[in-house]
Each structure stands twice: as structure tokens, then as C-alpha cells.
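K.L.:
Annotation comment: TrEMBL describes 1-21, 31-50 as region 'Disordered'. Taken from TrEMBL, the feature domain 'Cation-transporting P-type ATPase N-terminal' applies to 57-129. TrEMBL lists 105-126, 138-161, 300-325, 806-830, 877-899, 939-955, 975-994, 1006-1024 with the feature transmembrane segment.
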Amino acid sequence: MERFPKVPKGTSQPSSDGYDVQISYRTLSVRIDDQEPTSKPTSKPSKDSTEGLVNIDVHLISSEEVFTRYSSHPSVGLEFEAVTRRAKGGKNVFSPPRTQYWKKIINYIFGGFNFLMWIAFILSLLSYEPLGAPSPAVFNLGVAVLLILVIIVSATFYAFVDWNASRIMKSIKSLVAQEAVVIRDSKQQVIPASDVVVGDVVQLSTGDRVPADLRLVQVTPDLRFDRSLFTGESDMVPGAVDATSDNVLETRNLALTSTFVVQGTCTGVVFATGDRTVMGRIVSMSGDTKFKMTTIQREVWFFTKIISGLALSLFGISILLWGVWLRTSFPGYETSSGAIINSIGCLTSFVPQGLPVCVALSLTVVARRMAKRHVLVKNLATIETLGCMSVLCSDKTGTLTAGEMSIEDVAFFDGSLRVGDISKVVSSASQPGRFSALKALHMVARLCNGAKFNAASENLPIEEPTVKGDPTDSAVLRFSQSLSIPSLDVDTTALLSSWKKTFEIPFNSRNKWMLTVVNHCQESGEKGSEPWLLVKGAPDVLFPSCESIMNTDGTIVPFGNDARRGISALQNEWSDQGQRVLALCRKQLDGIKTNVSPNDMEEMMYAEVQGLTLVGIIGIRDPPRADVPSAIVTIRRAGVRVFMVTGDFKLTAVAIAHHLDTISNIRVSDYSKEFSVVPLSAVKPSEDDPIRSLVLTGDDVASLSPEDWNIIVGRYTEIVFARTTPDQKLRIVEEIKARGDNTVAVTGDGVNDAPALKASDIGVAMGSGSDVAKEAASLILLNNDFSSIPVAIEMGRLVFDNLKKVILYLTPAGSYAEFMAVLGTVFFGMQIPMSSYLQVCFCITNDVVMSISLMYEKPEADLMLRKPRNARTDRLSDWRFFVQVYFVRGFLPCMWFLYMHQHGLSFYDVILVYNKWTDGWKGHSTSDLTQLVNVGQCIYYVTIVFMQCGSLLSVRNRRVSILNSNPLWGPRRNLVVPLGMIGTALIAVVNLYGPGLNSVFGTAPIPRMFWGLPFCFALGVLIMDEIRKAIVRNYPKSIIAAMAW
């Protein structure tokens, strides 16, 4: 390990780690701190940010100059007064990006279906003036005013929903606290990353996010950073103390903010925070980020294009027919102004104006529900993707298990001990020396350890102090700290004062061991001549490097074949019980020079990992999470396969998998080639396949061919991947994604899980996990609650399900009933049975009010029993959707003809009339005919309004009867539905009885019987759908069931 140069001694106070603080140094510190800073650390960057990057030279100066320049100290850090002064410069956060409000406003005004409303508005104005001259109709102007009001209300609502969604996401993301470990006032402290100031001495370990720009002053040889945020490459970048390039983006002695430590540990001095960091400067130069549509937005845009294209096409056909046929064949039937205003119905009737509203509303409603369960959704689109999940690849430690590890057993060659019995057994022994091996075990466990106690809680009882580090190291640290046997000179305080670390290789998932070199320190302060090499790691990796083994009494015997078989049998026994087993080894380094460069030292130590003495093995218990078994049952019931992917030993992984029911049987079948000739999208188990389980190790994964992967993904429903590396986890995810149209979710909490989390369709990180894992994930379980995953799947399915219901509800009334009114006018020469005003009003008020209620629908009982949706082939609308719209629920209301018949106009007196509908037609005056049309239009409107009530009740469920899911009580209670019905009825009353509306838009009260008869149509729609549902439930393989949506 590289260390700081020792500050020359003077008349100064002694400090820890061999540093002495000179009086002149402290004076310099005060003098520089008191100077007025030239620029605040988080102030707005200069105009030329590129020049600012070029002027950074901190990587070119020595470590001593770094501490001098920033008035800090390697062991003292910053003092309280200095921190207070520097904190006035602002928080260590990036300034929010500039919002281009004009672009947002344009999107609100013209986005969604609003551009069709603008076309209709312009055409309405043209039909009023100049096309309406010499006597422009006030009706046309009224329609134009209504359309502009619709645009204003829609734009306002979109803006409100956008603001509300941003507010929700901001509040949710604030729940994830970013922290930093700093040295202040000679103490290690954990503080919010936003409170870091220039000059802070920051300590980083594996998995940490770099909180600010740091100049590295102390590193371990294996230090590696993930700089993909800057370079776009996934290769790890080594860290160093000395500059390797003049370029700040290429030198290895800087740790740049927002990058991650993926291996090793380091210490650095903060030289820039917030907007003054390299990342802050680059962001200021990069400008605005490009908009990228999410999955659900693409689906809605696809549907919008179809509907808009159809609406514009039919509008064009309607105008074309008027121009080339009706205008010449039936002069006086329609004026140009009348033709345009009537054809506007083609633009408005097809527009499901409630759809964009419901999309925005549904995602925010579900995000709020998930936030209540402490589930952070980084992107609202992730919610919908969760509903497509077909495979869940879960890490074991900290995800399926609690991550609260404790040492349960220790064993030597000739015996084993329960940890809880050690003190009792040793104290009751007549000769405590029989257990001398415990001293060597304690030495390796305490000194070869990457975890640390938080200085703020170091005086608490051993169970309570906060430990920063890997859960395994933390468990070993607590065990070694609690082990105190005076008769054997086992004492942690004495051990730490007697030995000093001189080199360390932290644990990584490739080596699967940790190595530490320690030197003995005499009371005189002179180092002992023979250092020890201590190694702790996976038994199956370290056993081949061991040539001797320690007995309980501390004697050393050869590690022969019999000894290997005995220890391996004990390892397998503990692993079968679900324990993680570690081997603790050591070796005395005779004649090895430790005062060499870190890189040379690292090479030497790798070569020395042989001829080790196996001191003993320890068994670590990590209890499974209590909520996992039931959650896995629910996830499987939803058609999602659950695979365990872990770096743990095979038998340990299998034992935990059995305990959690992630596998129910182990039967490794011979591979066949049944999938070798089918498309990759078809490589998946069928519904009738039996449960097949499989266990593979990392070595197996490395040797699999594409045909093997076809069999694994296509045949097996329960798989455990054990002893896997990060690269192998990544390959597992990519191979599964490539087959069977799978949507793959990955759960994890460690650095080794980050590549797989990033490559998956849905990355799920634990709130207690590493910063790297949380950054790579799209979903964070803040309470580490695994049972939130099935809830998230259900919410994702609910979003898509409810949006499908909205479209199913909105389409028939517009595209069938309303368009039929325009069609009847153009092709059948009848008066338009529903005026443009009523069509527009219905689309943007009645339908929107009732469709919103569908967003508050609770999940259907079988929602989590259905197969996952195929995100690549299953769309919001398909052929089943159109069958439901046009053949099950859509029909032309006949109330218009019934009313005309009551007034002496038969069916043939109404259709094919064209320009005959004038004064004297069938004995009616012009005013009578106008009144008949006005009342008939309102009857048509009221009929559709109440028919949609039946449609709303029928689309609430796919298969369940209304008798078992009424909206007033029970498990499917949704009081927004009756409120929506009341609201739409009140809108109809206002339209028919509003005095101003009567005079401008020609609406009129209707006879009482026509308020009641429409309920028969609503009941008819509901009964027809109830019959369909009954057939689907009782005859699931019938044609009706195959056509069901």
C-alpha cells in the first residue's frame, strides 16, 4: 500500500499513523483558510468550461503539495472551523439543468391529440369567416370557442400532471441518501455527500460512489474505477498516486465525481465540488439531453398515429365527397361552411382525448402507491416494464438472505467449536493451551479484514456499533472483536497495537480471497524482521494452495489427502446447512522485502499465495429473509421463473434455494437438441412442461455452447447458478434475454451485481446495497423488502391493463357511434344526428370524466395468474381488441329514428333525403324540421352518454362478472366509477338545459321517455358482455374465449 511521505518532525504535536504536524504547517492552514475564496465551489461555471478543465493541475503536484494547497492533513483532515467556512461556498450538488419552458409549453399545447383539435379549431374559424359569409353561423364560432377551450384545458392538465410527476419523482429520489466517509478533527465520520467541502480527506472502498473530485494520495494496488460515465467503455480504470497523463480525464491519480470504486480502497483530497467538478463542467458544455420515448409512450404514440391518420383520412374523404359529388348532385344540401363543420366530427370523434390524460395519471398514481411501500422508481416507464417480467435472476446474499451474517462455527483439523460455546469450553478446560489455535485464528480474522467500525459508534457494545464494509467481513470483524480469552492472550486491543498492516489486496469476486501483509511492532517502535502473509477466502480456491494445517492446540501437521477429505467433508456438511464457509490461512514471509513499489509487491504476493498453513475454517450463517418464500410463490404463480445467481459455494446455494423454495427438486437431465432448429424467440418452456431444476457452477457457464443455452433456457424452470463471477452473471442475463422474448429482471446489492443490473431489462437494487448497484438499477427497494417485487409486478400489469380498458371504453362511442353520424350525413343524405358541438363535447368532457375512473381500478383477481405480457409482440390494441369494439359492443343507436317516427317521419322519410329537407317536407315547416333535428341530436347524444355507462361497467373486468366485482362494495370497490357516471349525466343535463347553450348550439330538452330508454341500451351492452364472460369462464378453449381481449 502506498503511504503518505512522513512530514518532517519539528516542534509539533505527535499524530497518528506516523504523522507530525508542524507549527508552520498549522499556521499556513489558518492563513489560507482565512483568505476569501476566488470562486465558490458550487458556483455557476465560467463561460469557457473547456478552459477550466485545461487549467486543472492538481494531478501534477505531489501529495504534500496537495495537503498544503487545500490546507488539510492526512490524519487530521479538516477542522470544524475550516469546514464551517468552506461550507458557505454552497452544497456539493449539481445545479439543475436549465428548463426550456418554451419547448414544454409547445409540447403541452400541440402534443398528444391536441394538434387535431387545432386543425378542427382553424377549420371552424374558416367556416365562420370567410366561408360562412354573408350570414356566418354563430354555431360555427361557438364550436371554435369550445375547441380552443378544450386545447387550453388539455394543455393546463398536461402541465399539471407533468409538474406533479416531477414533484413525486423528486421526493422519491430524495429518499436515497448519498453518503461519504471523511476524516475531520482526526476522526472518521460518515456525512451526507452534499456536505463535502474542498480539502476534505475522503476514504473510498469497493462499491462507493465518488462524492466529489478527489486527488488520490493513498491507494491499494488493486484499485479500480468504473469511468464508463466519462469514457463510455466498461473496462475498469486503475487508480494511482502519481500522474499518468497531463489530461485530467486520462490521468489515473484523480477520482472523478459520479464514478464508482469497483475494486480496492483509496483515500483522496477533495479539490472540486458541485458545478466546479469535471463532471459539472462537462454537463455545462453538453447542453440539453435528447428526449427518448419510453415503452409505454411508444405504445401510445403508435396508437395515436393510427387514430390520427384514420381521422384525417376520413375527414379528407368527407370533404372530397362533398366537393365532387354532393355539391353538384344535390345543390343546396350543404354549404362549404356546413360541410366543414359537419366533417369536423371525423377529427373529433376518433380522438380518445382521455387517453393521454389517463396515461399520465395512471403512472403517477401507481408511482405514489409504490412510494408508500418504499419502492423507488427512477423512471415512470419502468413501472409498465415490470408487468412484462418473465424471468427474475436474483442474487442470494443480501437479497434472498437478510445480509445479517454471524459466525456460527469454527473448526481446526482435529476439532470444531460452536462460537457461542468457545468461552465456556476454554475457561473450563484444565489446560487452555489445548485451544492455542484460537489465537492464530483471531489474528487472521481481525487483521485480514476489510470492514471497519464507525468511529462515532466505536464505544457501544459489540452488537451495536455501525460497521462499514462487506457483510461477510463485517461478521468476521464482530466475531474477532468479541473474542477475548486472557488465558490465551487473545485480546483485540493488544493485537492491533502489536501488528501493523503494510500491504493489502482486498477481496474481489475473481480471486475470491483477501490478502494482508502485517509486520510486528516492538515497543521501541522498530518493526519485526519477519512479516506474516494472512489470507481469508473461499475454501475451494485456497485449499490447493495449502500444504499444512493447524490442530486445535496450535501444532502444524501436513495437509495430506486424508486431511483434505476430512476438511472438505466438514465444509460440505456446513454448506448443506446453508452456511457460507471461509478458510483462514497464513504464512511467514522469510526474507521477503516489503519496502518495494506497490506493483512489485502485488506481483510478489500473488506468487506467495502457495505453501500456506490452513489455520481453520469458519461457518457463517446468513438467515433467509422471512418474506422471500411467500413472495417467490406469488412471483411463480404469475408465470415468472426465478433463478438464483450467486457467487457462493454450490452446496450453500442449493441449501438456501431449498429453504426458500426457489428449487423444489434437483434433476440434471441430459441435454438434447430439441431447440436447435427453432427461432430464439420460441425457446421457452410450454405451459404443460413439468418442473425441471438445474444447478450450474461458473465453470459450467463458461463452457456452455449456444445449443446448451437453448436447452437451459427452454427446458428448465428452476435454476441455481453458483460460484459465478460478474462477467458470468452478465452472460447469464444476456443469454436469457436473447431467447424466448424474455423480459429479464435482476436483483442484487453488491458491486459484482452491477454489470448484470445494468444489462437487464429491469434492475432491482436493495436500499442497503452498494452505490454502484443502486446507480445501475432502475428500481430500488429502500426497505430491502423482497415482497415488494410481486407488488411491483402487479402494479406494472395493472397500468397496462387499465390503459387497455381505457382504449376499449373510448373507441366505440367515438369511432362507431359518432362517426356513424357523419357517415349518415355524407353517404345517406340524412340530417346529421349528432351536431359537431355535441360530438366535441362528448369526446372531451363526458368520455374523459368516465375514463379517468378506470385508472383507479384495483387489480383483477386473475391479474397475477396470467402469463407475462410479451413486450415485443403484445400491443395495447390487437385484432381481439377490434372484435370487442365492433362486434360485441358497437352498434348504431336507433333512438333518432324512433323520435322522428313519433313525429310522422318514417325511416325512409329521414334517409336519402339530401336537399329535400326544406320547408314543406312531409308537411313540416322549416322551424319544425330544425326543432326536430335539434331534439333528435340531443336524444342521440343522451343515448351514447348512458350507453357508455354500460360500456364502463363491462370493461372493468375481462372475465369476472359484475355480480362479483361491483364498484360500490367488495374487493373491487371503486367509488370513482359512480362519481364519473353522475358527472357525465350532469354534463348532459347542462348541455340540454343550459339557456346559453340552447341559443348558440341549438341544444334542446328531450322528452322524459328518452331519458329512461337509453338505460336499456346500457343494460344490453352489459348483458352481452356478461354472456361473453360466462362463455370464456366456462369454455376457455372455445372460439369466443380465443377472441376475448
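Each residue, glycine too, has its Cβ placed from N, Cα and C.
A TrEMBL annotation is a machine prediction, not a hand-curated record.
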K.L.:
Considering only the recorded stretches 138-161, 300-325, 939-955, 975-994, state which has the highest number of Cβ pairs under 8 Å to the transmembrane segment (1006-1024).
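P.N.:
Looking at each of 138-161, 300-325, 939-955, 975-994 in turn, the most contacts to the transmembrane segment (1006-1024) are made by 939-955.
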K.L.:
The transmembrane segment (975-994): which same-chain residues, six or more beyond its ends, come within Cβ distance under 8 Å?
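P.N.:
For the transmembrane segment (975-994), the sequence-distant neighbours (Cβ-Cβ under 8 Å, at least 6 residues beyond its ends) are 838, 841, 845-846, 849-850, 852-853, 856, 938, 941-942, 945-946, 948-949, 952-953, 956, 967-968, 1001, 1003-1006.
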K.L.:
Going by DSSP assignments with H, G and I as helix and E and B as strand, what are the residue counts for the domain 'Cation-transporting P-type ATPase N-terminal' (57-129)?
P.N.:
43 helix, 1 strand, 29 coil
K.L.:
Which residues of the same chain, at least 6 past either end of the transmembrane segment (939-955), have a Cβ under 8 Å from a Cβ in it?
P.N.:
805, 808-809, 812-813, 817-818, 821, 833-834, 838, 842, 846-847, 850, 853-854, 889, 893, 895-896, 899, 962, 967, 977, 980-981, 984-985, 987-988, 991-992, 1006, 1010-1011, 1013-1015, 1017-1022, 1024-1026
K.L.:
Please give the sequence-distant neighbours of the transmembrane segment (138-161): residues at least 6 beyond its ends with Cβ less than 8 Å from one of its Cβ atoms.
P.N.:
104-105, 107-109, 111-112, 114, 117-118, 120-121, 124-125, 127-128, 132, 337, 341, 344, 353, 356-357, 360-361, 364, 835-837, 840-841, 844, 1000-1002
K.L.:
So what's the average pLDDT for the domain 'Cation-transporting P-type ATPase N-terminal' (57-129)?
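P.N.:
The predicted confidence over the domain 'Cation-transporting P-type ATPase N-terminal' (57-129), as a mean pLDDT, is 86.
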